[in-house]
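Annotated in TrEMBL:
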type     : residues                                 : note
ACT_SITE : Cys74                                    : active site, proton donor/acceptor
ACT_SITE : Cys183                                   : active site, proton donor/acceptor
BINDING  : Asp11, Ser12, Tyr43, Gly44, Asn75, Thr76 : substrate binding site
Amino acid sequence: MTNNNPIGVFDSGIGGTSIWSAIHELLPNEKTIYLADNKNAPYGQRTKEEIVALSKKNVDFLIENNCKLIVVACNTATTNAIRELRADYDIPFIGIEPAIKPAANNSKTQVIGILATQGTLNSELFNKTAEMFQNTTIIEQVGHGLVQLIEDGNLNSPEMTDLLETYLRPMIDANIDYLVLGCSHYPYLIPQIKKILPEHIQIIDSGEAVARQTQNVLREKVGFSDEGESEPVFYANANPSVLKSILDNKYEVIQKDF
Ligand code: DGL
């Protein structure tokens with residue numbers, strides 16, 4: 001099955017590029033369009049209704065641009081809006097959720113930590129999944145302020161280090177052996193997180209799993225492109241410079257209202 005239309009990927013900002021990179025690496029022949037809704041970031045503090053409305057607006061733009069499949073590269077948007085998106089649009093959606101299952105199943109201490117946004121941790125979808133692991137103590141921590149600092153380009157600031165210390169120290173004291181990064185922005189913090197966590201604590205994020213799932217859905221339902229490698233397209237609806245720099249200035253970022 002062949003389908004040469006692009007894959008659409010969206011997030012509130014630059015975080016979803018951690019997922020986009022995994023997709024681009026696994027499926028280099030697929031055209032991709034990435035949307036950073038950074039005018040409306042962060043999503044994490046918003047109501048479910050706002051997150052659904054923003055997600056639909058992003059999806060409308062990607063569908064206008066002929067996307068064949070949409071990756072919701074944002075845990076907050078997935079856990080609050082993917083059901084509504086699937087109900088309203090006739091196109092496959094792939095979402096990202098905190099990887100509780102592999103962490104809980106592999107944990108020896110039966111204590112795991114989850115760092116995510118308020119919106120994700122409050123969502124019904126997240127709480128239903130968490131309830132399935134009654135034998136594991138799940139320490140939930142909202143990463144207040146982290147996304148804003150990343151979006152402002154302050155990844156390595158002393159303020160970031162202080163926040164991470166505050167959020168991770170109680171988890172270390174509670175004897176976690178897995179830390180789940182439940183927000184697509186947080187993989188960019190892994191070098192700093194590693195400086196705080198003892199070595200035996202594993203860090204998990206879901207980027208590669210989402211890329212593999214995208215490949216499966218293309219194979220089974222949508223079709224792969226047969227046009228060979230093509231330049232990805234990036235859009236931001238506010239300042240494009242942080243997105244550009246997280247992509248190592250390798251790609252142009254188009255600033256456009258959507
Ligand atoms: N990167 C997003 C997530 O995975 C959203 C963060 C935000 O905008 O608060 O949750």
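Cβ coordinates are placed from backbone N, Cα and C, and glycine is handled just like the others.
Recorded features from TrEMBL, shown on the structure.
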residue: Asp11; record: substrate binding site; contacts (Cβ under 8 Å, 6+ apart): Thr17, Ile19, Leu35, Ala36, Asp37, Ala73, Cys74, Ala77, Ser184, His185
residue: Ser12; record: substrate binding site; contacts (Cβ under 8 Å, 6+ apart): Ala36, Asp37, Asn38, Asn40, Ala41, Pro42, Tyr43, Gly44, Leu54, Cys74, Thr76, Ala77, Val147
residue: Asn75; record: substrate binding site; contacts (Cβ under 8 Å, 6+ apart): Ile96, Glu97, Pro98, Ala116, Thr117, Thr120, Gly182, Cys183, Ser184
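According to its DSSP assignment, Ser12 (substrate binding site) is coil. Here the active-site residues are Cys74, Cys183, and the one ringed by the most other CB atoms within 10 angstroms is Cys74.
DSSP assigns Asn75 (substrate binding site) to a helix. Sequence-ordered, the extra residues of this chain that approach the substrate site, with Cβ no more than 8 Å from the Cβ center of Asp11, Ser12, Tyr43, Gly44, Asn75, Thr76, are Gly15, Ala41, Pro42, Ile51, Cys74, Ala77, Thr117, Gly119, Thr120, Val147, Cys183, Ser184, His185. For Thr76 (substrate binding site), the count of additional Cβ atoms within 10 Å of its Cβ stands at 35 [all protein chains shown]. Cβ-based neighbour count (10 Å, all protein chains) for Tyr43 (substrate binding site) stands at 27. The DSSP secondary structure for Gly44 (substrate binding site) is coil.
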